Amino acid sequence: MEPGAPWRDPRQGYAYGVGSALQMQLQQRADAAAGGGVLKRSLGELERWQHQQQHHVAAQQALYLRAVRQRTAAAADIAALLGGGPTQPLVLSGSSYGGGLASPSSTLSSLTTASRAAVPLMHPHPQPQPQRQVPLMTSSPQTQAFGLSRAPPPQPAASSELFILQELEKQLLDDDDDEPVAAMSGTGSAVTNSEWEETIQQLNSITAAPSPGLPAAAAPNNNNTNAGMTRSPSNSSSSTASSSASCSPPTPGAASRQLLSEAAVALADGNHEAAATHLAALKRAANQHGDAEQRLIAMMVGALSSRIVPTASALAQHLAELCGAEQRAGSQLLHDISPCFRLALHAASVAIVEAVGDHRAIHLVDFDVSLQQHAALIQYLAERRVPGTSLKVTAVTDPGSPYTQSLSATLTAIGEQLKQLAERAGIEYRFKVVSCRAAELDASRLGCAPGEALAVNLAFALSHVPDESVSPANPRDELLRRVRALGPQVVALVEQELSTNTAPLTARFTDACAHYGAILESLDATLGRESAEKKARAEAALAKKAANAVGREGPDRLERCEVFGKWRARFGMAGFRPVALGPSIADQVAARVGPAPPGISVKAENGVLRLCWMGRVVTVASAWR
């Protein structure tokens, strides 16, 4: 017998839970007292024995921790996942220690929730936690050796709980040390090795299938699992969706887009051979005369292919075509037939008319004259019915810009057409061209006169002006500062909502696919068969823009669009403040042009107008002063 504990029966073990040896012996003493017996042990001796019992309990727990390799951090994490709180007390069956006080068929509740008399494994003062029972696998020889009983095999459950169960299994049972587990006396497990293997296979059979994009290296290497099965880190709903998506064959369009993305990534990584293989396969799916998806694939295949073996002659030819007269005519045609471009230009014209008010003498400085926009502006000015209205237009060209030659070649003809329109509307009209760089721009050079209402039009112009990422001189910001110094009544800005300036190749490619795809879809939806020729010319110009935005780097990339947030920052740094374009502007545009076609929406948000196709913003119109 153990000294200090004369009532202890050495044939009985200790169980941490209801029916412990301490409780039984205290009950025996109480029975003895009730029967007239005399308690010969003093209270001090009883306290000393209790202190020894606590040391004995700690030694038993240390032995258990060593045998099962229960790690404190792992146990805390797993218990938190199961119960949503700190580690719960662990109830051990008494079979492993020779006692039959606790039932060997206890369920998972003995793992997650202890009785009031239980001794906590990790926390000396555990907080009460709500019971949560999650079925685990059946008992194993290892767990029965320590009195850890488990429930029968579970029914198919959510993948997140399966993940928790497998992690618990790994932490409790994996023992990669060379130290063998010490054999314990007492009753053993009645579960055979074959039953244990069947149980593991049963659990693994209900795990979630791997997602389509998961690499093979991510699948666990388990000899007891079926091939191709792995854990899904997502929740049950997303796992079900992923499994359904993996079972259904991908559409040709989705497969082509994925292959396009892989080609872009390969080019970004310098793997031209892999990119060429992908693009060669994509050329079979491309069709310049097919639907919007096929035309987009053809457009992007051409843009990416130009990066594989760039030659000086090919680059020179590309820039000559991009800045040529045919390209400019196609771009102007795109602005005319695409609702997103046309409505945005009309909104800019309305903003100019509202800013000049009832002024008779109006001076418009334009950096990229559009025949359609100026024709609408003349019409809006005539509708004011202000006698003696005069419009002076100054078209500014930059001698250092590659676009200057084609622009200058068309400006004279455009000026003559606009003059005829203005005379029929009863407006005095003057048109002149000024060639100067951004740093040379001033009021005297432009011919600004006192008493004029000055307006500046920057529609689709700034995206062709280099910024600090191309030139240390930063002509883009220099131009904005010079325009601000002129003190205009209003500055109208229209640009595509597209990031092709400083974004890396993969980001530019992704944004360009979505942007140009939306334009192609909108053209199909809003133009009839009678406009097939116009649409082909406009899309040819759009394809050259895409080839430059995606296929070129450095100074050779002339298409440098930015999203509106960056334009707003640049205008703010240049000293401009926004002029709100409210719903009234959108209403005036609708009244003059007609309601937007189906799929096209005009959103007046935060003082700007956003022209969208099926919810995606294509162009943004704003005003500043």
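One-based numbering along the chain as shown.
Note: Cβ is positioned from N, Cα and C throughout, glycine not excepted.
Database features (TrEMBL):
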REGION    121-157  region 'Disordered'
REGION    208-255  region 'Disordered'
REGION    413-445  region 'Leucine repeat II (LRII)'
REGION    551-625  region 'SAW'
Against which stretches of its own chain does the region 'Leucine repeat II (LRII)' (413-445) lie, if we need a Cβ under 8 Å and a gap of at least six residues from its ends?
369, 371, 374-375, 378-379, 381-382, 388-400, 404, 465, 473, 475, 478-479, 482-483, 485-486
When the region 'SAW' (551-625) is classified with DSSP, how many of its residues are helical, how many are strand and how many are coil?
25 helix, 23 strand, 27 coil
On the region 'Leucine repeat II (LRII)' (413-445), the mean of the pLDDT values is 95
